[in-house]
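Engineer: Here it is: the structure, laid out below.
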Amino acid sequence: MVIVVSWLAVISAGGCQAPLIPAFEPACDFSGQLLAYLSLGPIFIIVGFVTLIIFKRELHTISFLGGLAFNEGVNWLIKNVIREPRPCEEAHSTVTTKYGMPSSHSQFMWFFSVYSFLFLYLRMHQTNNARFLDLLWRHVLSICLVTVALLVSYSRVYLLYHTWSQVLYGGVAGSVMAIAWFAFTQEILTPLFPRIAAWPISEFFLIRDTSLIPNILWFEYTVTRAEARNRQRKLGTKLQ
């Protein structure tokens, strides 16, 4: 990769000030391209949630997505109250919002990561004997979540969409929102889930509540395996 380093104090004619940073040739800036793809993380997460809800139809997943939507609404409100502009806003004509405080990408990713962290360690309890493996995959997944959140946050500064302070406050806001929404879900919504799942409209759309099942992955695995073996035995009996 050919890197052309130039000492820049002014990025655009509009007077956008920046610290001395390296300028890269776009065609050769692999790290910039990678970070640009990583900044699409919120879109991939939303698509994943919609897909998961369509196939699983679980109330806690729906609540999680609702929390992400509420978090975005709070971000929009804060931006329009503070009205702090983005750095080099003239260079980004495709950005739909001209305000940058706090970073919506950073707030989104840290909400997702912190909420997932709380879910892994407080909501999902192990139910089998493989305690070491159970804890190992949670630790690995938590590290991956934090790493992705850090990379997406850094990408917004690297690509000149936000300042460090905008990204930092976005991360703090997302983390606080995640903790608050997790507490709201656990203390207020979860006790209501059985009643909501019993509504006629919920039964029509096959909405289910798995909040009383400690480890849904282990539960689905054991139930599916038992049902498959039962059907296999019945099929073998018919063939005899």
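Cβ from N, Cα, C; glycine included.
Take a look at what TrEMBL says about it:
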{"type": "DOMAIN", "residues": "61-182", "note": "domain 'Phosphatidic acid phosphatase type 2/haloperoxidase'"}
{"type": "SIGNAL", "residues": "1-18", "note": "signal peptide"}
{"type": "TRANSMEM", "residues": "33-55", "note": "transmembrane segment"}
{"type": "TRANSMEM", "residues": "108-124", "note": "transmembrane segment"}
{"type": "TRANSMEM", "residues": "136-155", "note": "transmembrane segment"}
{"type": "TRANSMEM", "residues": "167-184", "note": "transmembrane segment"}
Engineer: Out of 33-55, 108-124, 136-155, what stretch is closest in contact terms to the transmembrane segment (167-184), meaning most Cβ pairs under 8 angstroms?
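Structural biologist: Ranking 33-55, 108-124, 136-155 by Cβ pairs under 8 Å to the transmembrane segment (167-184) puts 108-124 first.
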Engineer: Over the domain 'Phosphatidic acid phosphatase type 2/haloperoxidase' (61-182), what does the predicted model average in pLDDT?
Structural biologist: 83
Engineer: Tally the residues of the domain 'Phosphatidic acid phosphatase type 2/haloperoxidase' (61-182) by DSSP class, grouping H, G and I as helix, E and B as strand, and everything else as coil.
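Structural biologist: Helix, strand and coil residues of the domain 'Phosphatidic acid phosphatase type 2/haloperoxidase' (61-182) number 92 helix, 2 strand, 28 coil.
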